[in-house]
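Q: Handing you this structure, nothing more for now.
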Amino acid sequence: MGSTADCSEEKAIESVMAGRYIEMEQEGEKQPTNSRISSLLWHGGSAYDAWFSCASNQVAQVLLTLPYSFSQLGMLSGVLFQLFYGLMGSWTAYLISILYVEYRTRKEREKVDFRNHVIQWFEVLDGLLGKHWRNVGLAFNCTFLLFGSVIQLIACASNIYYINDKLDKRTWTYIFGACCATTVFIPSFRNYRIWSFLGLLMTTYTAWYLAVAALLHGQVEGVKHSGPKKMVLYFTGATNILYTFGGHAVTVEIMHAMWKPQKFKAIYLLATGYVLTLTLPSAASVYWAFGDELLERSNALALLPRTRYRDAAVVLMLIHQFITFGFACTPLYFVWEKAIGLHDCRSLCKRAAARLPVVIPIWFLAIIFPFFGPINSAVGALLVSFTVYIIPAAAHMLTFRSAHARENAVEPPPRYFGGWIGLYTINAFIVGWVVVVGFGFGGWASLTNFIHQIDTFGLFTKCYQCPRPPLPLLNSTPSLAPSSNHNSTQFIFSPAPSPAYFAAPHGH
């Protein structure tokens, strides 16, 4: 009995010590030696910083496409899917935090020091499940973050066009690609303190601007709310919402930036709760005002009249997209640094120079696929479904599949979840649902829509969904002279079909 009690006490002490992340707390205690301004703006590692990072990163440009998703789904389904996927995303973020704690605890027992090393999701999978899971996690996570960064560049070009159309969207993509490349100078997520705070303020303004402006505008004449009209539209819209609440591909990096990562468990749920107060009113109001017109305009700003308030929303969203680009790209920077052996380098300039090659493919892909809106759904179905839903749930079940692993778990499931049986039931449901609805139906619908965009506008399109310039008055004799527009060179005698010809869902 004495030995059993001693073992239990030793295990409890070991778990508590491992959960404290001593080296991180010691590092956090050093912060007062920095100047007050530097600490206020630059050095963040508190639970509040993590909350701002999660909330700011979770909703950015996708806020502008959610009314479009409502037009595909209908009002009721749009609201229900936001609530459902918000809870599901919070659950899998919780699972990721549990797996991080488990991995970190085991490594700390081996006396591993992480002060000069940022733990990433693929390393957690490697330490708990082996190299095959590491490779799968690395492939999905990096690809998702790559296209997440691409989406931010596309959104920048799409938004700025509404206040300055003297340049086409492709040119704006070149410009903002260069601007976003400056994120190579931000060392880690701990240094996003002021940016996360400002980013959330900007998103909050834009969300409430959309809601208030739509209500003041009122319903357009003959407004129709016919969604859902087609199955392909329905699952495309649902997958965009899946993407919205699947922003926790950077959860591990945010946790690692905290002085006390064990406090993270409920942070993502609280962040999601706040985000819902932004996404539900804005999407519902804009859909109420414009209805089916949103099927031809994936960016909600395109339908609102230009005012100084709308211009302010555009500018603020541009700044926030720059911040979100950094959020998505920073884990890629870490992976690249580890691959070339510079991750523990203390020189910021050397690390920044080494990171630049990561930005080039992002820039290139944003120019190839400038389809603002449809690309969200495609990324959601093919990448987010696995990266932040299926893999975390499956990894958690496999990590604790043995009785020994469950008995020695650092963070056992709370009783109100139904213990291990309840936890496994929830995880199995998530895997099944996302495989069938998210990846299966969502993948089919999103790819169908994406291919239609390519067929309609082509790759490398110069100005996606830009208004066509008015055609000159013609004589009665048809002219075969080419007429230039933003997307292609067409003959007036045989104009190209409009995007609506290929069914409403392509209107992004």
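Any Cβ shown, glycine's included, is placed from N, Cα and C.
Features from TrEMBL:
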DOMAIN    43-434  domain 'Amino acid transporter transmembrane'
TRANSMEM  79-101  transmembrane segment
TRANSMEM  138-160  transmembrane segment
TRANSMEM  172-190  transmembrane segment
TRANSMEM  197-220  transmembrane segment
TRANSMEM  232-255  transmembrane segment
TRANSMEM  267-290  transmembrane segment
TRANSMEM  312-336  transmembrane segment
TRANSMEM  356-373  transmembrane segment
TRANSMEM  379-400  transmembrane segment
TRANSMEM  421-444  transmembrane segment
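Map the listed features onto the structure and describe their local environment.
A: Beyond its flanks by at least six residues, the transmembrane segment (312-336) meets 53, 56-57, 60-61, 63-64, 118, 120, 122, 138, 141-142, 145-146, 148-149, 152-153, 155-156, 159-160, 162-163, 176, 179-180, 183-184, 186, 188-189, 192, 195-196, 198-199, 202-203, 205-206, 209-210, 249-250, 253, 301, 343, 351, 354-355, 357-359, 362 of its own chain at Cβ-Cβ distances under 8 Å.
Residues 88-89, 92-93, 95-96, 98-99, 102, 125, 128-129, 133, 136-137, 140-141, 143-144, 147-148, 151, 239-240, 242-243, 246-249, 406, 409, 420, 423-424, 427-428, 430-431, 434-435, 438-439, 442-443, 445-447 of the same chain lie 6 or more positions beyond the ends of the transmembrane segment (379-400) yet place their CB under 8 Å from a CB of it.
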Q: Within the same chain, where does the transmembrane segment (172-190) have neighbours whose Cβ lies under 8 angstroms from its own Cβ atoms, ignoring anything closer than 6 residues to its ends? I mean 6 or more beyond.
A: 43-45, 49, 53, 118, 149, 152-154, 156-157, 160-161, 250, 253-254, 256-257, 318, 322, 325-327, 329-330, 333, 348, 351-353, 355-356, 358-359, 362-363, 366-367, 370
Q: Hey, would you say the transmembrane segment (421-444) packs against the transmembrane segment (138-160), going by three or more CB pairs under 8 A that are 6+ residues apart?
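A: The transmembrane segment (138-160) and the transmembrane segment (421-444): touching, no.
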